[in-house]
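Below you'll find the structure, written out as structure tokens, and then a few comments.
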């Protein structure tokens, strides 16, 4: 059985930065460090940080005075940010800079009183944070997930309208929603390029190439990871059996029985150790050496806040 590895796969710059912020805060300040929401959507990462003293909470009221608080990579609303400011807390922001860019687009529209439409998944923390940047009662902020939502939507002023997107969406699905928005509201204004981030786009492109060759595709990622779910859906849409797995223990032998080629990829919040474990398990089931496919090279790095720029090896 041939094993193919998608390229790129796994950690993106925003996830790397967010995890480093929590790790460095633990090294400098010691446990406990409070993190609002899972810093990234990966069970292995969250469990390992929890073991080292990170406490994951959903409400600022759960954080004691004088504590260290970190906002997750998904970003937070202005209301959450203001609540944290009103408390005696030291706050570090692990929001992905590409999410912050979308926040700034929404804030600009809010200041101008223009209505805004966000393409995204209801209930996702990134969507909640992005919607929470809009505060102008003269305008309005709306969420759509599908072309059907667009056709049902009514706004106050079609002449002054803009749209933004969640950063971890399906490129193909989002294109369909944008097409519907432009037909429904001909004067709507959007970003020069949709807000789907480079890592999401690259990983979807890579899984498309992977699924062209593999009979079965394994996506390493947690069930609550938006970008990981989109990878599995894309492979399935291409007619391949695809499974979203947290780790090697989730692999069922019958998935790869009599399969000649299996493909492996990982969502942007899944560490490479999990991919290595999956490859090792596939090799136990008869797989050969893992062969990486060619793909886009990624060299983007996002710096951590200057207060946390320390070599953690220097910290006792």
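Note that the numbers count up from 1, one per residue, in the order the chain is shown.
Here the Cβ of each residue, glycine as well, is placed from N, Cα and C on the backbone.
Here is what Swiss-Prot says about this protein:
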BINDING   12, 96, 197  [4Fe-4S] cluster binding site
BINDING   41, 74, 124, 167, 225, 226, 227, 269  (2E)-4-hydroxy-3-methylbut-2-enyl diphosphate binding site
BINDING   41, 74, 124, 225, 226, 227, 269  isopentenyl diphosphate binding site
BINDING   41, 74, 124, 225, 226, 227, 269  dimethylallyl diphosphate binding site
ACT_SITE  126  active site, proton donor
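Sequence features, as recorded in Swiss-Prot, placed on the structure.
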| residue | record | contacts (Cβ under 8 Å, 6+ apart) |
| --- | --- | --- |
| 41 | (2E)-4-hydroxy-3-methylbut-2-enyl diphosphate binding site | 221, 222, 224, 225, 226, 228, 269 |
| 74 | (2E)-4-hydroxy-3-methylbut-2-enyl diphosphate binding site | 37, 95, 96, 99, 124, 125, 126, 129 |
| 197 | [4Fe-4S] cluster binding site | 12, 14, 96, 98, 167, 168 |
| 227 | (2E)-4-hydroxy-3-methylbut-2-enyl diphosphate binding site | 168, 199, 200, 203, 221, 267, 268, 269 |
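Within 8 A of the CB centroid of the (2E)-4-hydroxy-3-methylbut-2-enyl diphosphate site residues 41, 74, 124, 167, 225, 226, 227, 269, the other residues of that chain are 40, 126, 168, 224, 228, 267, 268. Spread of the isopentenyl diphosphate binding residues is 15 Å (greatest Cα-Cα distance among 41, 74, 124, 225, 226, 227, 269). Other C-beta atoms found within 10 angstroms of the C-beta of residue 225 ((2E)-4-hydroxy-3-methylbut-2-enyl diphosphate binding site) number 25, with every protein chain shown included.
Apart from the site residues 12, 96, 197, the chain places the Cβ of 13, 14, 15, 73, 97, 98, 99, 167, 168, 198, 199, 200, 268 no farther than 8 Å from the centroid of the site's Cβ atoms, the recorded [4Fe-4S] cluster location. Over all protein chains present, the Cβ of residue 12 ([4Fe-4S] cluster binding site) has 28 other Cβ atoms lying within 10 Å.
Fewest other C-beta atoms within 10 angstroms, among the binding-site residues 167, 226, 269, are seen around 226.
The secondary structure of residue 126 (active site, proton donor), as reduced to three states from DSSP, is helical.
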